[in-house]
Amino acid sequence: MSRTSSVPPAFQSIKSLPPDFKVANNLNGGLSSKNGDVRLRSGDPVRSSSPANGALVVEVSKEVHNCASNMDVFDEDSPYSGQVRLLEEDRPSNGDEDSESVPLPLSSNSTSTRESRWCDTTPYASKKKVQCWLQLSNGNWELVKIIRSSGTESVVSLPDGKVLKVHDESLVSANPDILDGVDDLMQLSYLNEPSVLYNLQYRYNQNMIYTKAGPVLVAINPFKKVPLYGNDYIEAYKRKRIESPHVYAITDTAIREMIRDEVNQSIIISGESGAGKTETAKIAMQYLAALGGGSGIEYEILKTNPILEAFGNGKTLRNDNSSRFSRVVQCNEGERSYHIFYQLCAGAPPSLREKLNLRSAEEYKYLRQSNCYSIVGVNDAEEFRIVVEALDVVHISKEDQESVFAMLAAVLWLGNVSFTVIDNENHVQAVEDEGLFSVAKLIGCDIEDLKFTLTTRKMKVGNDNIVQKLKLSQAIDARDALAKSIYSCLFDWIVEQINKSLAVGKRRTGRSISILDIYGFESFNRNSFEQFCINYANERLQQHFNRHLFKLEQEEYIQDGIDWAKVEFEDNQDCLNLFEKKPLGLLSLLDEESTFPNGTDLTFANKLKQHLNSNSCFKGERDKAFTVIYDTTGFLEKNRDLLHLDSIQLLSSSTCHLPQKFATQMLTQTEKPAVGPLHKSGGADSQKLSVATKFKGQLFQLMQRLESTTPHFIRCIKPNNLQSPGLYEQGLVLQQLRCCGVLEVVRISRSGFPTRMSHQKFARRYGFLLLENVASQDPLSVSVAILHQFNILPEMYQVGYTKLFFRTGQVGVLEDTRNRTLHGILRVQSCFRGYQALIRGEKSRKEYAASVHRHRAAVVIQKKTKTILARNRLKTTIDAAVVIQSFIRGWLVRRCSGDLSLLKSGGTKTNESDEVLVKSSFLAELQRRVLKAEAALREKEEENDILQQRLQQYDNRWSEYELKMKSMEEVWQKQMRSLQSSLSIAKKSLAMDDSERNSDASVNASDDRDYSWDMGGNHRRQESNGTRSMSAGLSVISRLAEEFEQRSQVFGDDAKFLVEVKSGQVEASLNPDKELRRLKQMFEAWKKDYGARLRETKVILNKLGSEDGSIEKAKKKWWGRRNSTRMN
């Protein structure tokens, strides 16, 4: 089965440009000359025609002609006279603008004086010895040099020196050397297959693996690490310091357009298996995560890659990390199943291996089919550790992780379950071996139920249930169906958990960027049902690509009334009709044949030939160089892939939570209504949709989501099938370029109007640039006025019914003018605000100066006022002092006069001269004493002032503590007096008793002991007569007295110290109030304890006193008799 399309012959090139083609890419385009060299800017307007011979015709604008009119720089034969250099485009950053900011070219009006020269249609290759492309017999293109031309034939020289004579039609124009390695294929003067191949190879050899093809990014897999990634590159593309093609640039554009247009974006990464789609998607996610700022959600997104790759990717013959459709129960020679199986076997810790009864990968039947257990350069044990770490990051608990690994082990052990034939009808039963027991343990079901499910099938006939034994092939299918269903449900569950984890705390803005990394187109020596589904999906994605870049663009031109030459391109709608058309499409016929009990792969193949033989796409030819042949063996069984209700019930009876969830999910799918003819009554009632039908439904949901986004395309190219770095196979690359339509993309982008805006948006964005006020006019009039004001050439734009359409680069001048105008406005605003700030500053400075002047005036007034008041107070004080002095002096004089008069009347008579002398000396002495007293008085007043100040300070310090200390001292004194009085009474009582007993014992003892207690000094004096030891009672009292004196002294000293600290007399790093409260608490505690001990002592003394009562009475009687005898 193949798919065909019309392609030019081998030596017929794709014509470079349409007849009315114009290209313009630079604002400052034009020709300049220095020292005889011609510099051709990449934005120079060039118009070419494409006759049969593919000659190039160039029109030079009037401005260019005027600029070079006085220079002898034009060759009569070649537009590339002298030394031609291509200047790098000066592309401004589009930022968050509404359209691409591409510079505007110069006018392309031709000059009449040189029109004949530039309109010459003679083949350029025939007029000069130039280089051209020639396709050799092996299909490769070689760059040859034309030696001479004669008629329609030319003699060319190959790079190895050989000379050939070929027809001119076999030669394809080559671009000048200056265009080697351009980063955008749209810049090529000749857009043909060999030029594109050479340009891609030129960049690939220099590790420049990314090239633009209009709006599409072409990425060639280098099969090695290249220095194009990392934080430095991310920051450079984020800040637009680098403009070269890159995945980062595509991702950055998607982000900016999402923010600018408020439309969801999608990045569609496509290509064949092994072209590097998965790595490209990871690079795009890396850029998105870096722009996120390093929050946790970005890190979680990156950590999902190891999980999805481990559970969804496997090794194929072409790719070590290929996205797989289904390869749980079978895989081809030299391939591997899903990575996670090998990672689990190699990296599980001993405890997990023992719990799951894990073995090496070689011991599992599902894994040893292909005899491939490892990948060169990949450590499966380390990859398992990374997967476990990623599962932790996305918040899958350890318990759930163990359940996931248990399900994986159960799938592996299911492959080891074997059957034995029990009768002549080939009926089987499961062998009770390690595999069967391990599956039952891991799933959590009864082993008998498992055996019954794998070897029998329940069927409902009428109202009766019939149990049918399975044959060997049926039992194996049932076993494999259970394994595939468990793995499929497990993968869906993991994806659901990841989505839940990423949704926690996510800011829902309603905007998203979707990255689609889907399995690429596959063509092997043997292509089965898996490749059939994979290639069908890629055909649908190819149509989406065609619709977006070709169909929709041309339809939009037609709907908007744009005069534009239609570009023919390859459409795969016929091929999709072959797949989807009802009732005679491939999918419909497959589902129909799957419903027949007697249907086989052979009957299916015959039905296809019967109904589709007249279809031109039935042979599966994408083009003459690309044919895919499918082997229909196994198509029907894989399409059915039925999981019976018995297996679902087995999972629902499990003791583990994951199998129960899987069963619930399967039962939910079972309840869906039947679609199409696949539903059968009885038998396999657990699944009513075929695999192909479900796949088609999921694919349509994907396409529906993509249709609602703005797509960005990345075409991944595989340079060779050996996965060898540096190897570039032209045929393989060209085949992929043709399949993905890259050449058509460049053609349509160069000849069309890629930039477009609605009238309203255009007027709103650039209307303020108009010199006249047109606010009252409609958007179309405003738009036209803008175009006229900026002299945009009519052929560089088209005015549609609803939009304005521009060729590449035409909006650049408007964007530059808009940016300059906005910048000018900002500068005006900045200057105005600066002037306002200057005015406000000057005003503030004046106000401040006036305030300072008022302040100084107030200070002067206050100074003068205080001086006058102080002078008046001093004068009043002096006057009062004078009055007092005069009063005292008068009083002293009068007193002295009185003393003299008394002296005169009471003394002896002296002469008058002596009295006068006495009075004079007395008055002088009195005056001297008065002056001395005044001086002393002044000194004392000064000292008194100082002492008054100090006293005031001390009064302030002591006033706040006086009442507290006074009350505390009173309490302490009362308590101490009470304790002292009680202790003194006890001591005296005990001392008197001891004295009387001592007197009875010795008549020679004359003096009694006397104890006294000093209340003020707390000093105890002992009697001199202490030769005898004190009794027990006196000893206790003495100890109590000593303790009282010591504690009184300690508490007194501490209280005094704290008072000094409080008053500031002593410096100490403590809180006096807190310490005083603590001292009071300690005193209360000691007082309570001391009172209790004192009461106990009193009780003991009272007991001793009662015992000695009779003795005392006898002593008294004896003393009485003795005294009476002495008196007698």
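Just so it is clear, glycine is given a Cβ too, placed from its N, Cα and C backbone atoms.
Remember, TrEMBL labels are computer predictions, not curated facts.
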Stated TrEMBL location of coiled coil, expressed as one of 41-82, 503-544, 923-964: 923-964
Chain residues outside the coiled coil (923-964) and at least six past its termini with a C-beta under 8 angstroms from it: 885, 888-889, 892-893, 896, 1059, 1062-1064
Number of Cβ atoms other than its own within 10 Å, given for Thr278 (ATP binding site): 23
DSSP-derived helix, strand and coil totals, residue by residue, for the region 'Actin-binding' (699-721): 9 helix, 8 strand, 6 coil
The domain 'Myosin motor' (180-819) [mean pLDDT, rounded to integer]: 85
